[in-house]
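J.: The structure follows.
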């Protein structure tokens with residue numbers, strides 16, 4: 001056998017959409033607009049939930065955290081992706097690749113848990129209305145979100161360290177437009193079983209388990225709604241649950257496709273398309289589906305905007 005050509009890695013080449021120049025020219029204005037809408041929408045929701053005292057409730061605390069996650073997640077890859085769409089040199093340093101991998105894993109994992117926590121909050125609000133404020137106290141909200149942030153960060157750092165310490169051989173071309181951990185692992189010439197097993201275990205804990213919890217919560221909510229005598233109230237509550245469930249299905253469905261699908265040695269353009277869908281469309285739609293259609297949020301936004309104009 002020939003010895004493995006191990007080299008010290010200083011940078012990676014992100015293949016991305018290199019083979020599709022027409023697609024690159026189309027994606028740049030589209031992704032730029034989506035990125036701007038994502039930042040503006042989520043920043044507005046986060047600001048309103050903090051500045052308006054009437055929104056200092058558990059549901060808007062979690063919505064504020066969701067907006068914070070979306071604001072933290074998209075800058076981990078979108079600005080560099082936009083630069084690469086216009087550039088012929090699509091490289092990323094080893095250190096930046098590791099940071100990008102860690103932050104994207106951490107924020108994505110935290111959002112998985114946040115969606116489950118939000119489903120539990122919806123269940124308590126609809127199914128246990130008299131005990132809601134006792135069961136879902138502010139202290140519990142902070143503890144749940146703090147635990148989610150810390151645990152997912154530790155998990156992501158561990159996955160990144162295990163993966164990036166592997167030896168890399170031959171070309172350093174990542175068949176993706178970001179440093180996705182599965183794409184980087186394909187370049188490793190060492191034993192990747194430990195990293196893959198750790199990643200699979202984390203995927204199972206953060207995908208099927210929370211998703212099953214969310215589905216159970218919504219089934220209990222639906223059963224409660226069907227017992228509500230008022231048809232108008234029933235329809236309103238049911239439509240709200242459908243909106244939340246739509247985002248959950250979009251978010252979890254794309255992740256499950258990317259991480260739990262059968263392995264393939266060749267990269268497919270569908271990976272990139274689904275990653276854009278998961279990473280950008282969901283973060284852009286979250287403010288609209290979760291908050292901007294809510295009358296309380298609209299009223300709070302008008303009050304905050306009015307106070308800001310009056311103070312000038």
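Placement of Cβ uses the backbone N, Cα and C atoms for every residue, glycine included.
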J.: Residue 81 and residue 225: same side of the membrane according to Swiss-Prot?
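T.: That fails: Swiss-Prot puts them on different sides.
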J.: According to Swiss-Prot, which listed range is transmembrane segment: 198-217, 218-237?
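T.: Among 198-217, 218-237, the range Swiss-Prot annotates as transmembrane segment is 198-217.
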J.: Swiss-Prot tags one of 5-25, 26-46 as transmembrane segment - which one?
T.: 26-46
J.: Neighbour count first, Cβ atoms within 10 Å, every protein chain included; then name which of 97, 189 tops the list of disulfide-bonded residues.
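T.: Result for the most crowded candidate: 97.
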J.: What's the CA to CA span in angstrom from residue 191 (N-linked glycosylation site) over to residue 97 (disulfide bond)?
T.: 20
J.: Please report the number of other Cβ atoms within 10 Å of the Cβ of residue 191 (N-linked glycosylation site).
T.: 10
J.: Tell me the residue counts in helix, strand and coil for the topological domain 'Extracellular' (161-197), as DSSP assigns them.
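T.: Secondary-structure composition of the topological domain 'Extracellular' (161-197): 14 helix, 5 strand, 18 coil.
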